[in-house]
Structure formats: C-alpha cells, structure tokens
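Take a look at the structure below.
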Amino acid sequence: MDQHLHIAQQPLLSGTPQEDGFAGPSVEFDRIESSLRSIQKFVPTDYASYTQEHYQFAGKKIIIQESIENYGTVVWPGATALCQYLEDHTEELNLQDAKILEIGAGAGLVSIVSSLLGAQVTATDLPDVLGNLQYNILKNTLECTAHLPEVRELVWGEDLEQSFPKSTCCYDYVLASDVVYHHYFLDKLLATMVYLSQPGTVVLWANKFRFSADYEFLGKFKQAFDTTLLAEYSESSVKLFKGILKWE
C-alpha cells in the first residue's frame, strides 16, 4: 500500500471554489451551495499541524487535507486497506450504483474511493469533522463521479430512527475503518451497525488491531453478524471483515 501514500506539508487551502479546482461555470451552483459553505467550518487552530496526503486509487490522484489535532481528520491504516480491497474487488462487490453508508468517515478517503468506483455514497461522522470531510469529498469527486456523495452527521446510537429511517435509508454496504480503538462508545457503534443493516446489507469493517478492546469488540461483532475474515495485512496489523446481520 506504500505506493498509494505520499505526505507533503502544505499551507491551508483558502481560495475560492474555482481557485481550488472545485468547479467551473458549468456546475449548477445551487446544487452544491450549502456544501461549499460547510467547508469553512473546519479551521485548524495550529496551521503547522496542517498537511496534505496524496493517494492513487480508481485511476485518480486523491488529495486529502488533514490536521493531527483531531483523530477524525487523519487517514488511518484501515482506511487505505479498505480502499485497496474495494478497488481490487469492484466488480465482485458490484459497486456501480450501489448504495453505501460509511460510519466514521473521518477525512473521507474511503467515501471518495467508493464514489469514484461508481457507488452512491453517504459519508457520516461527528459534527466537528464534517467541514473537513465535506471539503475533501468535494475537492476529489465534484464533476468526476456519477453520484456526488452526501455528507451527514451521525452520532453513534443517537436519533437513528429519526435521522436514518429504515423505510427510506436502505444500504447495500455499510463501511467502517479504524472506528474501534480506545473509546467508550463501542456498544453504541455496534448498535449503529446493527441498526443500519437490513436484509441484503453487507458490513465491511477494516481495523488495525492494537488493544484488547479491539478483540473484545470483534467478539461482540461476531455475535451479531455472520462474520468472514476477507483480508489480513500483517505489515499494518489491519484485518478486514465482512459481516451480515444474523436474523432471528
């Protein structure tokens, strides 16, 4: 996966949408007006911590802006592993026009790659990282994907029925990468995965396994989902699992 990653220090991107390469006059502004406004929400307090990372997936150079100030604005090993798997198995997974929701989308790499591969993507995360997430998604998908990804707030375990009603929110895939680490919301994370899974939904979860809590979560995941280990990356300690909800 090293060939997909290059890190370079960059100044904060602060130009207008056209200066930053977002769009030309042919784009319908009203379609993306609120999205463009939302990119202003993310402003690192320490500009020295600001970086760009460059990736190559789906035949396109992808530029991700990050800040090390927030766990959710950094690309982690599970994300690159999941992107590689999606790219290598696009036809097998039937990603063209597939409906995908990503939990904990972070800096947006997985959602961007999924969109470039033809999927209809909903990228979700906590409110404090949505501005950066939206920025990266627009920067890398506008005018070059069939379906412009949607960015939405999702707090694990909260207001799920109200925000994502099962009657209208049906997904072929729920994606998650490096969402399991040392935090206190693992039960809510699992409950969210279960809630978003309907008959036919496949969960693809990639994670670097570091702590005992990671394996404890895996045990609970296996209780809720029929689980298959799809890939293991020894150099990064990342495991990629496929889960299909067990129905009583």
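Think of each number as a place in line: the chain as shown, counted from 1.
A Cβ is built for glycine as well, from the same backbone N, Cα and C atoms used for every other residue.
The S-adenosyl-L-methionine binding site annotation in Swiss-Prot covers Trp76, Gly104, Ala105, Gly106, Asp125, Trp156 and rests on similarity to another entry. Neighbours of Asp125 (S-adenosyl-L-methionine binding site), defined as other CB atoms within 10 A of its CB across all chains, total 25.
Considering only the residues assigned to S-adenosyl-L-methionine binding, Trp76, Gly104, Ala105, Gly106, Asp125, Trp156, the longest pairwise Cα distance works out to 20 Å. Less than 8 angstroms from the CB of Ala105 (S-adenosyl-L-methionine binding site) sit Ser111, Ala123, Thr124, Asp125, Leu133, Val151, each of them six or more residues away in the same chain.
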